[in-house]
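J.: Before we start, here is the structure in question, set down as structure tokens.
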């Protein structure tokens, strides 16, 4: 009926096509708007899960000490241990699979709200390696693009059409529907996987210690390197005491990583303490590991105590407490 | 330039708008320039290779047509040698050289021939085969030689099907470049619907499954038999959705401008035997091999042993066409073997079906036949996807035990993968067996029809993988 009326009014195929296409696009944009807003509402309504932890770190925490880093930060730094040792409240803002660019974006949001007293940044081997498609992992920041302008320049590094894609209401929540749904139920709360951002791992490594050969001849990603420098500068400008650490790996092979050498040199130049535990022999014990790059909860407790003691030795801590 | 990129979206909008704006006599030029731009967006220099073969085949076509009987064959041979040489140099040289080195090593000798450090020009096997079909058809007298160099170039370079087919025949495509295509609502909307469906298959299914398949197949020793089994099933759907998505998009793009390209896939996983599978899978290539290799070899009108040899050889060459690796050759040989075995065992299978009464329950019979065919095809896909032959055998060994835990990196992504396969099969099942019933995408009601396509776009936004890679068949 509708089609016949439109066709009679516009006798040419082209006008007919334009009208029908406009109606179709209107339908698509309406659905995108409604579903996008619904997903946004439920995303920020989550009370548990990793997305909730990320939102908490970005928008809510007021902890004195913040931990930044990837999965190794999430699994290696126990806030309760650091709190007890340092006498400061602590929150682990690490996120699985996230690079330095993610940490910088979160830092910018945090500093806009308040200035923590201390930040511990955990860096990985090959942290600055240039990897094609490595900015894809910044997708976890997409839900914050609209409400956090300070993050935009970093999110837009995902690709030159990112701004255009973000016109869609659904796109920031791409592939996240199930996670959002679970985050709005009691399921995650019952599982209790996280403790102030810390995610304990419970397995014990039973195989022999592997002999990994880490690649050394990789190219350095200038954006990642720049993000590291900006991270240090932003902390300095905000008078935040920054500690940088490289937590341990389970490997027989002692290694010298290019990224760690660069990170160390920059930290030294900027007068920032750098704790390199990547080759720390007392921590090369299989029973302390869940898998080769990740400590289990016993290892994390040991390591958190070690870091706290190291911090206590530095002169910076005296001015904070 | 990938179909699944914004770069291509802008390109398509500009080219299509211009196509319906410029006078008919200049449209071939617009399409040719656009196709050159499209091809050069990959590796610009390789357009020269394409250019050389176009020039050779163009003149070969004219020469074949105007030459006397004896010389016609000579010109055809020159054209075929030129095309096959390009394929051999860019696609097979290093593979042959590697195997030669291996052979020399066996005799304790060193191979003095150096390896070539060259990239395989994108879609080389596709446009080479399309060019070869032109000279062969001119030779056979089924096609007049094209005198317009621009239009002949466009036949080889037409951007929708330039890099991954469908491999067209000159009788179907060449004349279409001379026809005046008006903007027709029905045709344009049908083309756009095919494009949306193609994007759905690529982004929601193929690229989603690719994440799991790559994680497992690229690290075979660390994965269990169960994970490898799941990854193999996933790969069957990944490659189908990846390749048929490209074909759908290509056919849709051409349709929008008024061109008709041949159908390339027809729900292959509903095939009841291997022969039927090959009539439904990559139809443009299967028919190419049938017309230009199988039938000239004698087809099935020869003594039985020779017929089996013909079948085996065609599939062996088909495997080699896909890639310069033993994995593809074994995959081709396996499919050839399947067909021969199916012919040999036909009588026995008929007897068996009769004795167990399977042929009296058609629905169960269809189900059993489809499942067996799918299983055989999946088994062959192991060789197609494995990085090395040794990997393929490790995978088969591990799958045969079906032991170990299932690798699940992210439970929700696994659920998306399974749901995507389920959704695809539901739609294909309906199209295969209940074509006229419960219409959503072809519903007469405008709102239902458009809501169905709008939902498809919403599903793409919700579950599509936007950081996925290029189409698998680009490498061929």
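Note that Cβ sites are derived from N, Cα and C of the backbone, with glycine treated the same way.
Got these off TrEMBL a minute ago, pasting:
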- B:7-26: transmembrane segment (TRANSMEM)
- B:38-62: transmembrane segment (TRANSMEM)
- B:74-93: transmembrane segment (TRANSMEM)
- B:113-134: transmembrane segment (TRANSMEM)
- B:307-322: transmembrane segment (TRANSMEM)
- B:328-345: transmembrane segment (TRANSMEM)
- B:366-384: transmembrane segment (TRANSMEM)
- B:414-430: transmembrane segment (TRANSMEM)
- B:451-473: transmembrane segment (TRANSMEM)
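Looking at the shown structure, can you explain where the listed features end up?
T.: A Cβ distance under 8 Å defines the sequence-distant neighbours of the transmembrane segment (B:38-62), meaning residues of its chain 6+ beyond its ends; these are 1, 7, 11, 75-76, 78-79, 82-83, 86, 90, 119, 121-122, 124, 127-128, 131, 134-135, 138, 145-147, 149, 152-153, 156-157, 159, 162-163.
For the transmembrane segment (B:74-93), same-chain residues at least 6 beyond its ends with a Cβ under 8 Å from one of its own Cβ atoms are 49, 52-53, 56-57, 60-61, 63-64, 67, 116, 118, 120-121, 124-125, 128, 131-132, 135-136, 139, 320, 323-324.
Proximity of distant same-chain residues to the transmembrane segment (B:307-322), defined by a Cβ-Cβ separation under 8 Å and at least 6 residues beyond the stretch ends, is recorded for 92, 125, 129, 285, 289-290, 293-294, 297-300, 328-333, 335-337, 339-340, 343, 384, 476.
Sequence-remote contacts of a segment are chain residues at least 6 beyond its ends whose Cβ falls under 8 Å from one of its Cβ atoms, and for the transmembrane segment (B:328-345) they are 273-275, 278, 308, 311-320, 322, 376, 379-381, 383-384, 389, 392.
Nonlocal intrachain contacts for the transmembrane segment (B:366-384), taken as residues 6+ away from its ends with a CB within less than 8 angstroms of a stretch CB, comprise 232-233, 235-236, 239, 269-274, 276-277, 322, 327-328, 330-331, 334-335, 338, 358, 392, 395-396, 399.
Tertiary proximity for the transmembrane segment (B:414-430) is limited to same-chain residues at least six positions away from its ends with a CB under 8 Å from its CB atoms, namely 201, 204-205, 208-209, 212, 234, 237, 241, 267, 269-270, 408, 437-438, 463.
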